[in-house]
């Protein structure tokens, strides 16, 4: 098995678009709940939805309730194993340090994110947790699927927060 971080052109365009739309739907749920609108879905290599989630930090008073963590927990419970081999995690915003490290620890194969996080992105923008040589697992990283839609949703959310 090859463990390397990479940024490759998207090879699964339609499939990636479909699953990112599902993640975007989760982000919309966060938006209407007053949470930062980030959504995530975890999909098996066979195309089965294993877990989904959106940010619930405020509603659960849980600083770890990021969309990615919610989806990873749901998937691990679903398959009764914390190792989520041969899976792809679709996220509307580049993961933070905590979420990127959790994805590595869970052994996901591939991470696809929509929009870069220029403040806290830890999958290549500010840091690159999945590429750390001290870790024993690497994740293929692809980006940009539904980038504009996901970035616009985040911008609208924070614009509304500044007005209040």
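Including glycine, each Cβ sits where the backbone N, Cα and C put it.
These figures come from a predicted structure and were not determined experimentally.
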Checking TrEMBL, the member of 66, 78, 105 that binds Zn(2+) with 96, 99 is 66
Reading the DSSP string in three states, the entry for residue 96 (Zn(2+) binding site) is coil
Note: in the chain of residue 96 (Zn(2+) binding site), residues six or more apart in sequence with C-beta under 8 angstroms of its C-beta are 66, 117, 120, 121, 122
Students should find that the Cα atoms of residue 68 (active site, proton donor) and residue 99 (Zn(2+) binding site) sit apart, in Å rounded to an integer, by 6
